[in-house]
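As structure tokens, the structure follows; a few thoughts come after it.
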Amino acid sequence: MASASRAALSSIPLFHEKLLKSNRILAVCGAGLSAASGLPTFRGAGGLWRNHNAVDLASPDAFEADPGLVWLFYAYRRHMALKAKPNPAHHALAELARKIPGFKCLSQNVDNLHVRAQHPPNQLSLLHGSLFSLKCSESPQCSWTDPLNTADPLCPALAPASEDSVDPTKPLPLLDPSKPLADIPASELPHCPECKTGLVRPGVVWFGEMLDEGMLDEIDGWIEKEVVDMVLVIGTSSFVYPAAGYAERARTKGRTSVVTVNLEITEKDWGRMKEGDFGFEGDAAVLLPVLLGPVIGTLEVPQGDA
Ligand SMILES: [Zn+2]
């Protein structure tokens with residue numbers, strides 16, 4: 001099949017026409033969505049924290065080997081996420097959910113910004129969990145969880161991760177690999193209030209761990225139920241997992257437009273788009289309010305926390 005013309009693929013009027021006829025919309029959001037809120041993602045190439053590859057800190061083995069170090073990494077990310085604010089793309093998606101009951105948003109982001117943008121919870125699936133949920137390191141043997149804990153710092157031993165730079169031209173000592181970190185013994189970290197033996201750990205999905213099965217079943221059921229008119233892929237590529245998987249599965253149900261909104265869309269990806277698909281290259285925080293405008297109207301970004 002000949003590839004679709006670039007003009008049609010990036011036509012906002014054609015996109016609006018399709019959007020206004022769409023009742024069932026799936027969004028898959030990746031790190032690029034939160035980049036516009038100033039949050040580093042630590043995934044993929046260059047994901048370094050101090051001199052550690054972030055991938056090496058995000059695993060059950062790393063936590064077992066040095067829970068203090070892993071907790072400092074997550075405590076720092078919690079602190080940064082609390083300082084960040086949801087951007088207009090988060091607000092646009094939350095408003096789309098309020099306007100279209102058949103809209104479901106899947107997000108790989110763990111920063112809680114969708115929740116803080118008041119995204120309706122029954123239309124949001126956090127694929128990789130949240131930095132602000134806690135669970136027991138003995139899970140699944142121990143089922144203790146705390147779905148929302150925004151304490152910053154979480155405990156006195158993690159206070160160095162909650163410091164802000166006094167001199168913004170100098171890096172925080174915590175982030176300077178030449179400055180050694182004090183070892184935090186496990187005894188100074190929070191312990192599970194239920195089993196008392198496990199440590200409290202971040203409620204995120206680590207490398208080597210499975211995504212929540214109940215959540216995946218629920219998403220599968222939603223996709224299988226009826227034709228999905230549109231799959232919005234935001235801040236990630238629509239040709240890599242997991243977005244690629246959801247887009248392909250949605251297409252098997254009928255005519256589905258796959259819409260990519262990403263800072264960069266490669267030539268290869270443009271070439272792989274099908275007729276009726278769309279690609280919009282740029283900052284999701286700028287593009288989404290415009291793209292979703294005919295449904296959500298003019299965004300009124302609330303003051304205060306958001
Ligand atoms: Zn426990």
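Numbering starts at 1 and runs along the chain as it is shown here.
Including glycine, each Cβ sits where the backbone N, Cα and C put it.
In TrEMBL, annotation is done automatically, which means it is predicted and not curated.
Annotation comment: TrEMBL describes 5-306 as domain 'Deacetylase sirtuin-type'. Positions annotated as active site, proton acceptor by TrEMBL: His128. Under the heading Zn(2+) binding site, TrEMBL lists Cys136, Cys142, Cys192, Cys195.
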| How does the model score the domain 'Deacetylase sirtuin-type' (5-306) in terms of mean pLDDT? | 93
| note | Sorting the recorded positions His128, Cys136, Cys142 by sequence and keeping only those with a Cβ under 6 Å from ligand 1 gives Cys136, Cys142
| message | So, three-state DSSP: helix, strand or coil for Cys136 (Zn(2+) binding site)? | response | strand
| remark: For the binding-site residues listed (Cys192, Cys195), most other Cβ atoms within 10 Å of the Cβ sits at Cys192
| field | Other same-chain residues whose Cβ falls within 8 Å of the Cβ centroid of Cys136, Cys142, Cys192, Cys195, the recorded Zn(2+) site, in sequence order | value | Ser137, Glu138, Ser139, Gln141, Ser143, Trp144, Pro193, Glu194, Lys196, Thr197, Gly198
| message | Please give me the CB contact count at 10 A for Cys142 (Zn(2+) binding site), counting all chains in the structure. | response | 16
